[in-house]
Amino acid sequence: MIVSPTFSELSSTFLKIGVFSFGGPYAHIAMFKDEIIIQRNWVSEQEFDEGLGICEILPGPTSSQLAIFLGTKIKGFYGGLISGICFLLPGFFIILLLSQLWRQGQSIDDFSVFLSIPQIIVISIIWGFALNLLKNRSQVWQWTTASFVFIGSIIDRSTSLHLPITLLLLLAGIFGIYQSNSKGFLSFFFVPSGLEHSYVDLNSFCFPSFLTAPIFREDIGNLLSNSLKLFYVFFKAGLLVFGGGLVIVPLLQTQVIEMGWLDSRSFIDAIAIGQLSPGPVVLSSAFIGFQVGAKGGTILLGTFFSLISTFAIFLPSFIFILLGEPLIKRIKNKVMIDNYINGVLSGIPGAILAVVIPMTGKVIVGKDIFQTCIYSLLFFISLIISFKQSIKPYKLVAISIAVGMAIQILFL
């Protein structure tokens, strides 16, 4: 029999899950199932599986979206709001603390040496993530899509021709629909009852345009204040997080660096802190926002900007689940949706590799040949571990931090 908890019980349960939500989305999903179904019987197995299926087709971190969905099933709109926020809060506050410690550490001699080992590990984790995505996509068109996005990203970074990653992934998704030879390509994926066989002219409609077209114009952000720029960049990223949290690397890295918010090494540190903290790695957004605000000199301003970046990147998830669930139920089995997402996922490895290749050179080159050889060896060992997925990423990062501390204590 399904049990209906109080709002207090709901919030305390999702706070507890949030505190211990290490290990990535699949670990989070297992915790949800254990806490919500097995221990408390708040939703049925069928509802849980339905929610997981819906969350997997939506942009955004699957685990946080599932938390929102479960809260909605348990206590309605406000339940979804509470469960989503409570799941994210522990990781958010831990990242705020680590962000301030990181900022204070910048004034400490040899702090960069302490961070060098975790940076190498994070780069190898990103490589492993991209290579595993490629490994799972064996068709020629999928490799072609990844190559297209890779080349487009390189052109964008090295020439005056502007090819934003959002546009490249949009095209990858459209190509995914094209290659399927599905008639569903011409049909809008949700239609009024009775019009299921209507079609829409491609010239007047592009698949995700109702969600994203107004924000693909990169020049809009330049007209906004710092806080609105931050919101714009992270909200746009939140609309395209398919396939795993590390997709934020190509979505954010270029803009974060070009706007002067972080340099490339600091951006890697942001990902490391996101990996080390509970909750989805997308919470790295809180670190970036904090550093943007803290440049004004106060922790309060850093916290405010951290809230903006976190709110913006997770806002699409809340909108999709809280406001769009009835619509999503009608479209979740549409072949065209799956083909679009397949196209985007096929392009993501190319986007990640275009960003991570130059970052790799920066972190493995040491002050001399010996140090470079050691860093390179460490990188390849960690890459093999990451590719085989034999150790959880957060454990790798934690080990690397311990090694960095040991080096600093013993040799510096």
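The count begins at 1 with the first shown residue.
Heads up, the Cβ atoms here are built off N, Cα and C, so glycines get one too.
The feature transmembrane segment is assigned by TrEMBL to 77-99 (among others).
Per TrEMBL, the feature transmembrane segment maps to 111-134 (among others). Outside the transmembrane segment (111-134) by six or more residues, the chain places 105, 143, 146, 243-244, 246, 249, 265, 268-269, 271-272, 275, 345, 348-349, 352-353, 356, 359-360, 363-364, 366, 375, 378-380, 382-383, 385-387, 389, 393, 396-397, 399-401, 403-405, 407-408, 412 with a CB less than 8 A from a CB of the stretch.
The annotation transmembrane segment is assigned in TrEMBL to 163-180 (among others).
Here TrEMBL flags 230-252 (among others) as transmembrane segment.
The transmembrane segment annotation in TrEMBL covers 273-293 (among others).
Same-chain residues lying 6 or more positions outside the transmembrane segment (299-323) and placing a CB less than 8 Å from one of its CB atoms are 54-55, 58-61, 64-65, 68-69, 72, 77, 80-81, 84, 88, 92, 95-96, 99-100, 103, 226-227, 230-235, 237-239, 241, 248, 282-283, 285-293. Annotation source TrEMBL lists transmembrane segment at 299-323 (among others).
Sequence-distant contacts of the transmembrane segment (335-357), counting only residues of its own chain at least 6 positions beyond either end whose CB sits under 8 Å from a CB of the stretch, comprise 57, 123, 126-127, 129-131, 133-134, 137, 141-143, 145-154, 157, 165, 168-169, 171-177, 179-180, 182, 184-185, 187, 189, 207-208, 240, 242-243, 246-247, 249-251, 253-254. According to TrEMBL, the transmembrane segment annotation covers 335-357 (among others).
Per TrEMBL, the feature transmembrane segment maps to 369-387 (among others). Same-chain residues lying 6+ beyond the ends of the transmembrane segment (369-387) with a Cβ under 8 Å from its Cβ atoms: 116-117, 120-121, 123-125, 127-129, 131-132, 360, 363, 393, 396, 400.
According to TrEMBL, the transmembrane segment annotation covers 394-411 (among others).
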